[in-house]
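Participant: Take a look at this one; I'll ask things after.
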Amino acid sequence: MEQLHMREWSRFTPQQRIQRYVGLALAALVVSWALGSINIIWAWVWDAPNQMGDLFSRMVPPDPANLEAIAKAMWETVNLATIATALAVVLSLPVAYIAAQNTTPNIVTLWIGRFILVSSRSVNTIIWALLFVAIFGPGVIAGIVAIMFRSIGFLGKLLGEAIEEIDPRPVEALQACGASHFKVVLYAIIPQVMPTFFAVSILRWDINLRESTVLGLVGAGGIGVILQGAIDTFNWQEVSTILIAIIALVITGEIIASRLRSRII
Amino acid sequence: MSAAPDHWRKQPFIANPVLRYGLYAAALVYLLTTVATLPIDWERMAQGVVRAGRIFGGAFPPSFERSGLLIDGFMESLKIAILSTVGGLLLSVPIAFMAARNIAPLPIYYLGRATIILARSFHPVIVAIIFVKAVGFGPFAGVLTLIVYSVGFVAKLLAERIEEIDPGPVEAMKAAGASFLPTLFYAVFPQIMQRQIGLGIYQLDSNLRASAVVGIVGAGGIGSTLANAFGRYDYDFALAITMVIVGVILISEAISGTIRKRIA
């Protein structure tokens, strides 16, 4: 009985415990460094709840006066996202084809494909939009091209992975029958990646719908233009109307996307 | 079915021909009408090639002359990312508990879910622009924005993890007469800690990326530096910044991937 009381239960060995404490201490150190050296005016921080409260009190009630223009801009946003997604889907097909190890013609094309994917994905839509607004001027075109450039990397990467995972046997069977390269792609590869293709396109459309709501803030069309206008004129009641409209759009988009996805897969 | 067909035809994706061609036609009509009705200034677009040439001409070679500014911007982005990740992780714990169906009573559950949906609906840039208006330009607005962004993601996944926990330890604690808080600490937290740390590392990486973007609307960090460079037509500096952003993102992605693989 005495012995039983002596036994102490513990989750970690002493070594694990030391590791955990060192980890925690390091994390605390990094956080205090960040907190101590960041360029924040603390008086503003203490005032922030007041300011936020003030802002929200200005936002209610939402003012629907400009609803027609908002609805129009919303429709433009949806179209912008949809067209950009459609174009990106088409353009990502050859990229995915050369970025997949089992279909790429040679090592040079493989690296070209990978380079396109990485550079497209690592630059954010807004940064693409800044560039294309400078090139094409403010407007929908800059937005469409920005979203397209960003989406190609995402779509191409996921499609490329799907191509790499296909069952090689149909490919071999067709090759054994003497089918041309084009027919191998058409009958052995495309049917296998079709479900991924649709699922990924729908997912990207949903993401693009969100992204296209902010393009206007850098001048690239859509609802963001109106939002920026309302913010610049301190029309906070209109801002809240727009924000509600954006929530509605995003949630609707998500519902549509999940419905379509469950239909297809 | 008199003779076996000697030609095999590929199965159509949608079996019903009316629906299939109807959908194709509808998609085509939609595309044509929207492209036709979008407010596009074709003339301006035609000049785009020339302008692109000028921009890229101005951007090459990238200029690292003001690398001090670049490094300052990046350090600020890093600090924003760290602080917002910590804030987001802490805040997401209570919200995740509110949004877990097996822990929270129904009204609180709906409140938690609504908070998560609200935090997820807005693109960080929209949240940033509102915080910039409310609390002023600078990194503080960035930290607040990314806290909201982190809560939307971390709380959602953490709530899902809480819903999946093994109820055994919880029942054991309750049977031993433990009250609510000790049950959380000894039966629930040990089961979700690992997930929370993994999410934290992922979110740090994700916040570092996002901090570059929210800076463009004035919320501090490297994004502000980039937006300024663009605004002053300083394209060679802008290219240098973009290249460094891409490099840092790739490095941080690799680091966070390695860490997550090791702790998983």
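Glycine too: its Cβ is placed from the backbone N, Cα and C atoms.
TrEMBL lists A:21-45, A:80-100, A:126-149, A:184-205, A:212-231, A:237-257 with the feature transmembrane segment. Here TrEMBL flags A:74-257 as domain 'ABC transmembrane type-1'.
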Participant: Ranking A:21-45, A:80-100, A:184-205, A:212-231, A:237-257 by Cβ pairs under 8 Å to the transmembrane segment (A:126-149), which is first?
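Facilitator: Looking at each of A:21-45, A:80-100, A:184-205, A:212-231, A:237-257 in turn, the most contacts to the transmembrane segment (A:126-149) are made by A:212-231.
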Participant: Among A:21-45, A:80-100, A:212-231, point out the range having the most Cβ pairs under 8 angstroms from the transmembrane segment (A:184-205).
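Facilitator: Selected stretch: A:80-100, with the most Cβ pairs under 8 Å.
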Participant: Do any residues of this chain, six or more beyond the ends of the transmembrane segment (A:80-100), have a C-beta under 8 angstroms from a C-beta of it, and if so which?
Facilitator: 109-110, 112-114, 116-117, 140, 143-148, 151-152, 155-157, 159-164, 185, 197, 201, 204-205, 208-209, 211-212, 215, 221-222
